[in-house]
Amino acid sequence: MAGNRTFTMIKPDAVEKNYIGGILKMINDAGFKIVAMKYTQLSKEKAGAFYEVHKERPFYGELVEYMSSGPIVAAILEKDNAVEDFRTLIGATNPAEAAEGTIRKIYAESIAANAVHGSDSDENAKIEGNFHFTAEEIIG
Ligand code: RTP
Ligand code: MG
């Protein structure tokens, strides 16, 4: 049986600094298989809708501005225990608190510009993957 799936974005700060290759290498080296991927830029409307769950948080406006400020890479990843293992690989939200060897420790600059997104549950992984990809674009 195929492993389960999570959804990720390489965020505008990391794309801007040419970290796409380094981050994808870490993702592949950790055993994740890419089953969908695109290079794109979110409109403010789309970023706002993606982060709708954070609408009441004080950083929502800043988050929407930032996530629509430049291109991103969106991808669906497959591996056993994908959601939890990917959260471990990326590290804490605040890079200052992220463990050594994690993607955010290596590539993130701040709590807001923190290089990567990772889904926080199987349910959200499915919602977020379907937000960015059609069924035809997911090639497992
Ligand atoms: P993500 O959803 O991007 O994987 O990050 P996360 O679960 O580790 O963190 P979450 O609480 O879901 O926050 C979503 C994103 O909002 C930005 N943020 N800014 N300025 C701030 O205090 C602050 N706190 C969070 C980050 O970009 C975070 O990844
Ligand atoms: Mg989150």
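Placed from the backbone N, Cα and C atoms, the Cβ positions cover glycine too.
Lifted from TrEMBL, the feature list:
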ACT_SITE  His117  active site, pros-phosphohistidine intermediate
BINDING   Lys11, Phe59, Arg87, Thr93, Arg104, Asn114  ATP binding site
DOMAIN    3-140  domain 'Nucleoside diphosphate kinase-like'
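Features recorded in TrEMBL, as mapped to the structure shown.
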residue	record	DSSP class
Lys11	ATP binding site	coil
Phe59	ATP binding site	coil
Arg87	ATP binding site	helix
Thr93	ATP binding site	coil
Arg104	ATP binding site	helix
Asn114	ATP binding site	coil
Record-listed ATP binders Lys11, Phe59, Arg87, Thr93, Arg104, Asn114 have a maximum CA to CA distance, in Å, of 21
Mind running the recorded positions Phe59, Thr93, Arg104, His117 against ligand 1 and keeping the ones whose CB falls under 6 Å of it?
Phe59, Thr93, His117
Where Phe59 (ATP binding site) and the residue listed as 'active site, pros-phosphohistidine intermediate' are concerned, what is their Cα separation in Å, rounded?
16
Measuring Cα to Cα, how far is Arg87 (ATP binding site) from His117 (active site, pros-phosphohistidine intermediate) in Å?
9
If you measure between the CA atoms of His117 (active site, pros-phosphohistidine intermediate) and Thr93 (ATP binding site) and round to the nearest Å, you get 9
If you count the C-beta atoms lying within 10 Å of each candidate's C-beta, which of the binding-site residues Thr93, Asn114 ends up with the smallest number?
Thr93
Drop a 10 Å sphere on every Cβ of the recorded positions Arg87, His117 and tell me which sphere holds the fewest other Cβ atoms.
Arg87
